[in-house]
Amino acid sequence: MKLRNTGQMAFRSPFSNLHVRRSSHKPSHPAFVRQNRSMHYYFRDALNIGAFGIIFGLPCLLYAFTFFCNDISGCPAPSLLHPSTLSIDKLEQEVGWPEDGIKALYDTQVTMWVLSYYLLSLLMQVFLPGTEVEGTELACGGRLKYKFNAFLSAVLILSGCAVGTYLYGTEFALWTFLWDNYVQVITANLIICTAIAIFVYLRSFSVPAPGQLNPELRQLAPGGHTGNVLYDFFIGRELNPRIKLPIPFVGETARTIDIKVWCEMRPGLLGWIILDLSNIAHQYRTYGYITDSIVLTTAFQAFYVLDALYMEPALLTTMDVIMDGFGFMLSFGDMVWVPFLYNFQTRYLSVYPSELGLSGILIVLAVTAAGYVIFRGANNQKNRFRTDPNDPRVKHLKYIETKTGSKLLISGWWGCARHINYLGDWIMSWSYCLPTGVAGYAIIESINPASGEMQKQAVQTPESRGWGMIFTYFYMIYFGVLLLHRERRDEEKCKRKYGADWNRYTSLVRSRIIPGIY
């Protein structure tokens with residue numbers, strides 16, 4: 001595999017092959033940019049169909065997940081298991097569809113609170129101390145400057161959540177607000193991400209043409225200015241859209257917001273963990289206890305997010321920042337898809353509390369550890385060899401030299417498969433889903449013998465058992481497909497770059513991701 005700097009945990013972007021692994025990348029040569037743009041669109045034959053399908057289809061899918069796996073009738077809603085007798089009226093009743101219809105999915109007050117969260121994150125970016133870093137060299141010449149303090153911002157916000165929970169318990173206003181207005185919070189984020197995507201699309205037409213004065217180092221993204229309006233809006237025309245806030249008494253770097261980097265590392269990632277915590281609070285409010293499964297899942301996800309935030313500067317060497325424009329794809333993915341799809345396992349467990357027990361915990365930990373050993377071992381091995389090939393830990397590794405001067409490892413982890421780190425990354429993703437077990441439940445109403453009041457309880461029935469896995473294991477399947485797509489794109493890029501050397505390399509390292517299988 002090509003030697004790249006992939007020292008941190010992978011950050012997974014929702015749709016494209018983004019956030020899958022950290023990699024250093026040479027600045028794009030103009031000839032390569034022209035070749036890349038004319039070579040193909042990312043969705044090839046399905047430009048408008050693919051873009052339209054994602055822009056309108058994925059938000060609908062997210063709403064469907066939220067309604068079809070619920071705390072009113074079950075997960076999935078019982079009528080979905082009997083399609084021959086399915087009726088819209090019955091389904092609306094089972095999923096809790098609001099009486100006011102689709103307009104009830106939006107609430108102005110909720111949207112204002114969500115905007116307040118975005119504003120808080122923005123102000124923390126500006127005023128909190130942080131590390132200033134230069135990005136990679138741009139094709140238009142020069143390097144952009146970035147200020148990073150996402151980890152500090154997250155620590156302060158989570159500390160505030162901890163104080164609120166200490167004072168008010170699980171009735172802390174933030175926890176009840178997020179659960180009671182969950183659908184409206186989704187809508188608010190969807191509106192915000194769409195508005196940002198429209199803004200950066202329209203603003204991209206003011207990017208200076210080659211040869212014109214360009215003091216802000218603005219440039220269009222390769223493949224993002226095809227002339228197809230819908231596709232360009234979706235994929236992103238401008239590479240690094242930025243705004244300068246009119247805030248006095250702070251440095252220019254501090255008040256300059258790189259919209260793409262800010263969206264990728266701030267509101268959505270931290271929002272994901274905040275939603276997990278609100279789900280834990282809901283479980284305690286409902287049942288009076290917290291299960292090991294929801295704690296374990298939240299711990300895995302929190303570690304993943306905090307690791308990404310702590311290593312925030314590593315984002316500058318990813319394909320996202322170097323090559324991909326910022327459009328609806330990343331805007332929606334970062335601010336809607338990631339937090340509201342990725343918290344689904346803990347949301348499920350908050351309604352159907354499942355105890356893993358010691359043996360279950362050990363199994364999940366063992367699977368996660370196996371994935372981590374593969375992922376971290378492969379990346380560390382590559383980084384050490386790239387930094388110092390004479391390091392005693394890697395000097396025994398075999399490699400081939402290419403005409404470009406790069407060295408491709410053919411032994412050790414990278415002799416097992418050309419993208420062995422993807423296998424470890426995918427196995428680690430299982431840890432989010434396995435704690436939900438064989439998912440599925442129905443909401444059963446019964447009389448509380450002590451109080452005489454009607455109560456609802458989530459019970460796993462033979463009919464519902466297993467069907468909930470469509471929702472709780474969707475992430476694992478989706479991420480696997482994402483990695484396969486990324487692997488194919490990597491293979492094409494490496495074949496173009498290395499030519500005959502890549503053919504020689506693949507003849508020596510035959511497996512792509514899973515040794516001996518694929």
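Cβ atoms are placed via backbone N, Cα and C, with glycine included.
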Given ranges 321-341, 426-446, the stretch to which Swiss-Prot attaches the annotation transmembrane segment: 321-341
Stretch carrying transmembrane segment according to Swiss-Prot (options 45-65, 150-170): 150-170
Selected stretch (most C-beta pairs under 8 A with the transmembrane segment (150-170)) from 110-130, 182-202, 321-341, 355-375, 464-484: 110-130
Closest-packing stretch to the transmembrane segment (182-202), where packing means Cβ pairs under 8 Å, from 110-130, 294-314, 321-341: 321-341
Within-chain partners of the transmembrane segment (294-314) [C-beta distance under 8 Å, separation at least 6 from its ends]: 5, 7-9, 11, 22, 131, 133, 146, 148, 150-151, 154, 265, 269-270, 272-273, 276-277, 279-280, 283, 342-343, 345-346, 349-350, 353, 356, 361, 364, 368, 431-432, 435-436
Cβ neighbours of Lys382 (NADP(+) binding site) where a neighbour is any other Cβ within 10 Å: 25
Contact set, same chain, for the transmembrane segment (321-341): CB under 8 Å, 6 or more residues outside the stretch: 13-16, 18, 25, 27-28, 36, 54-55, 58-59, 62, 65-66, 135-136, 186, 189-190, 192-194, 196-197, 200-201, 204, 220-224, 232-241, 259-261, 263-264, 267-269, 271-272, 275, 315, 474-475
Sequence-distant neighbours of Lys497 (NADP(+) binding site) in its chain (C-beta under 8 A, six or more apart): Thr404
